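As recorded in TrEMBL, the features of this protein are as follows:
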| type | residues | note |
| --- | --- | --- |
| TRANSMEM | 49-68 | transmembrane segment |
| DOMAIN | 75-445 | domain 'Amino acid permease/ SLC12A' |
| TRANSMEM | 80-99 | transmembrane segment |
| TRANSMEM | 111-131 | transmembrane segment |
| TRANSMEM | 151-174 | transmembrane segment |
| TRANSMEM | 181-201 | transmembrane segment |
| TRANSMEM | 233-258 | transmembrane segment |
| TRANSMEM | 270-290 | transmembrane segment |
| TRANSMEM | 318-339 | transmembrane segment |
| TRANSMEM | 366-384 | transmembrane segment |
| TRANSMEM | 396-416 | transmembrane segment |
| TRANSMEM | 428-451 | transmembrane segment |
| TRANSMEM | 457-475 | transmembrane segment |
Amino acid sequence: MVSSGFGRCIPSQHRKYIIQPRSTVPAAHLTLSRGGGGRIQADPEDCANVYHIWALGVVAVIGGQFYGWNESYETGFLPFFLAQLMMGVAYVVYIACISEVGGKVPGGSYGLARAVLGFYPGFLLGCLEILEYTSFSSVSILFVANYITDYFMWHSNYQPIMWFLFYAVFITLLESKGKYVWCFMLIFVVLCLLPAILYVFGSLPFVNLSSNGALMDLNTNTTIWATGNLDSAFFSLLPSTTVAYGGIESLTVVTGFVKEPAYSVPKGTVAAVWTLFVSNMALVLVAAALPPGLEATATDEYFLDRGLGLGLGFSPDLSQWLMLPAQMGMAFGFFIPYARLTQAMAESNLLPAFLHIQGQETTKRAMIVASAFGYFLCVVSFYSPKFQATLQNISIVAASICYATQTYGFVLLRTTYKIDTTGYKSPFGLLGAYYVWFVSFLLFLSIAGGFQGDDGIAIISTFVFVAVMTAYYRFGCQDRQTVSDEEYASIFKFSVMRFNKQRAQKRSRASAARSAVRSAVLSTRIPSLKRILSGHSQRIAIQQ
């Protein structure tokens, strides 16, 4: 987010440059943005630090841990627990990978894609991220509005008005001065963490996993820890394991208003994902271990009700209202990242000019435009319950593509470009990146393979979105896109490094070829030389 308190680059005049992209991107005439007046210095009080980045990450994501996923326990404790563990580890590794590269390329994941993968992949990745973040926000806003209208028994026709009010209030709040936003975020993160803390610690006296964590076979009176097959006990429940972490990577695009972003963003993002990992695994274990057993837990509409009722005597209504701040946090927590991303794409001249986003001093217009798209998703969901049921899966499909692509950028920086690491370095290395690829593929397959029973709506919607954005890029903005000074420097640096590596490889192959030829020549000459010397020795012996 950029507001009057945060500061940004002054809108600049453009000079023409010709950039020769890599072979994967069609050659095009691009414009290089030159900063005419430098960067406006923001008030240090309005800049975020490590704790603010951590708070934003937790606020934006943790609400997904509080409802819905417990239905996956229908197949038993082990399948869902192992799937949760696999996905949690994948997110921890993934965040470590993108945190390492985030400080090396201006613009976070969007800048990385533009500089390393190419202009078209960068555009497409930016579009998919906006789709992901606006979808996550829309899902949460729909949930909050639906819960409030049901609780107060209002007519559902009031929900569109409530969506509008939510968006208006959130935009007004998040576009205020930074020091107020971050103070609010630190307070709000406590409210978001409170349900998990109260639930886990309040439920501990009643936890008994061995007695309550297994399903019962009434015919044989035996305990069952896993049921189903690969379809029902793995692929069908895999998307539900992402709700605890989905969208945490959005922190990599908020570098523009952070103190020392190369340090604060990686540290804050890694701290946030570890907080979410610990919180989620604790909830998963405690929920499975509470009486009367897993069968009841799997059918609870709000599983927090049981633990908070047993441990602290909370009524179901109180328990549900307690988790509502976290749901609202999921709604507005993505506003900042998708506004920043929308503004960055507009500054690259990749969005229609009639939106008038480019050159704005704040991200207010960008936030309004992106939120309008989110409101559109709410409207479609309101009139199409089937679309609403798959909206979460649409965002997950977009996310899985982004995860694999961003991790590929990390692999390139570790292998092809071999950037020196001066800040945060992923402890998981390339092996961790390959693991993220594997899990991302399984996640994509769990939706694209038809395991969710949505008649392919999620995957078809995503591919239609990609096709429309590709056509727009080809005919609408490819020839007029621009790059900033920082992006140009990154592109130039990576191009030189790639050229040098290719030249070194050619020299190595040429040297190896020369060595092979030399060896072949010597191998043919040596036997002849041996015969000559042998014959010469025999003649000397005869003469003697």
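Positions of Cβ are set from backbone N, Cα and C atoms, glycine also.
Looking at which of 49-68, 111-131, 366-384, 396-416 has the most CB pairs under 8 Å to the transmembrane segment (428-451), the answer is the stretch 396-416. Within the chain carrying the transmembrane segment (80-99), a Cβ under 8 angstroms from the stretch's Cβ atoms is held by residues 72-73, 109, 112, 234, 237-238, 241-242, 244-245, 248-249, 252, 265-266, 269-270, 273-274, 276-277, 280-281, 284-285, 288, 403, 406-407, 409-410, 424, 426-428, 432-433, 435-436, 439-440, 443, all 6 or more beyond its ends. Sequence-distant contacts of the transmembrane segment (270-290) (same chain, at least 6 residues past either end, Cβ-Cβ under 8 Å): 50, 53-54, 56-58, 61-62, 65-66, 70, 73, 77, 80-81, 84-85, 88, 91-92, 95-96, 99, 193, 196, 199-200, 203-204, 206-209, 212-213, 244-245, 248, 251, 297, 303, 306-307, 310, 424. Using a Cβ-Cβ cut-off under 8 Å and counting only residues 6 or more beyond its ends in the same chain, the transmembrane segment (151-174) has close neighbours at 1, 141-142, 144-145, 181, 184, 317, 328, 331-332, 335-336, 339, 364, 367-368, 371, 374-375, 378-379, 382. By number of Cβ pairs under 8 Å, the transmembrane segment (366-384) is matched best by 318-339 from the list 181-201, 233-258, 318-339, 396-416. Residues belonging to the domain 'Amino acid permease/ SLC12A' (75-445) score a mean pLDDT of 91 in the model.
Counting Cβ pairs under 8 Å that are 6 or more residues apart, the transmembrane segment (396-416) and the transmembrane segment (181-201) reach fewer than 3 and are not in contact. Scored by C-beta pairs under 8 angstroms, the transmembrane segment (318-339) has its highest count with 181-201, from the stretches 181-201, 233-258, 457-475.
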